[in-house]
Amino acid sequence: MTRKAVVLYSGGLDSTTCLAIARAEGFEPHAMSFSYGQRHSVELELAKRNARPAGAVEHMVVEFDLRKVGGSALTADIAVPKEGVGDDIPVTYVPARNTIFLSFALGWAEVLGAFDIFIGVNALDYSGYPDCRPEYISAFETMANLATRVGVEGTGRFRIHAPLMRLTKAEIIRKGLALGVDYGLTHSCYDPSPAGVACGLCDSCRLRLKGFAEVGVADPVPYVTGGQGLGGGKETP
């Protein structure tokens, strides 16, 4: 019998690869996306359009507004840094975001009778977010099995899958291409233009472009003028 899995799916490069991996491993993917007041909502629109073509049997979009909390360049009137990937936790970190996302995924998984949750976090080519580290994922998995009926009654055990955790961005892209992922249908930019074109300069764009450059293929999504500085991509006037 095919096992069900909840896949956190933003419409970005990592989560789209994660969805493809879940399918390849024989799971029936139920994709979950979030509209939380993020400034890069073009990513969510792509998720809505592409979840089922990407292999999800069901796609749920959960809506809430983290702009009421603020504290991040993605949800408040704070400039998105464009100087490069730094060593400190950047202002694009959204407080407790992955904890919120995984909690919703856990609730849905329990209702679906699914014991597997996939999340596309990465601890190598990443911006330094604390909720993308392996120790965080391990801790959440422990909590999931302490805080649910399934876990307490012992009728099953939840597992949080983070298959991209120890891969470079280039390795993620290679894996996705091997699985047939169309990266032209993904979006990663934190600060896209009003037309939804990626800036090419934020942390997320830089890491993405670096990955494609290391793979030796062009990033199929367009970038605004000057957004090609790390290789790959196609500029638009």
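From the backbone N, Cα and C atoms, a Cβ is placed for every residue, glycine too.
What Swiss-Prot says about this protein:
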BINDING   TYR9, SER10, GLY11, GLY12, LEU13, ASP14, SER15, THR16, THR17, CYS18, LEU19  ATP binding site
BINDING   CYS189, CYS199, CYS202, CYS205  Zn(2+) binding site
Roughly how many Å separate the Cα of CYS189 (Zn(2+) binding site) from that of THR17 (ATP binding site), to the nearest whole number? 16
Could you round the CA separation between CYS202 (Zn(2+) binding site) and TYR9 (ATP binding site) to a whole angstrom and send it over? 21
Reduce the DSSP letter at THR17 (ATP binding site) to three states and note it down. helix
Inter-residue C-alpha distance, TYR9 (ATP binding site) and CYS199 (Zn(2+) binding site) (nearest angstrom): 22
Using a 10 Å cut-off, grab the number of neighbouring Cβ atoms around the Cβ of THR17 (ATP binding site), all chains included. 25
Consider the binding-site residues LEU13, THR17, LEU19 and say which one has the Cα lying nearest the Cα of CYS205 (Zn(2+) binding site). LEU13
To the nearest Å, how far is the Cα of SER15 (ATP binding site) from the Cα of CYS199 (Zn(2+) binding site)? 20
In three-state DSSP terms, the structure that CYS189 (Zn(2+) binding site) belongs to: coil
Are there residues of the same chain, six or more positions away from GLY11 (ATP binding site), whose CB falls under 8 angstroms from its CB, and which are they? SER33, GLU43, LEU44, GLU45, LEU46, ALA47, LYS48, ASN50, THR186, HIS187
Starting from the Cβ centroid of TYR9, SER10, GLY11, GLY12, LEU13, ASP14, SER15, THR16, THR17, CYS18, LEU19, which together make up the recorded ATP site, report each further residue of the same chain whose Cβ lies within 8 Å of that point, ordered by sequence. ALA47, GLY120, THR186
Could you find out if DSSP has TYR9 (ATP binding site) as helix, strand or coil? coil
Cβ neighbour count (10 Å, all chains) around SER15 (ATP binding site) is 25
Per DSSP, CYS199 (Zn(2+) binding site) is which: helix, strand or coil? coil
Within 10 angstroms of the C-beta of CYS202 (Zn(2+) binding site), what count of other C-beta atoms is obtained when all protein chains are considered? 27
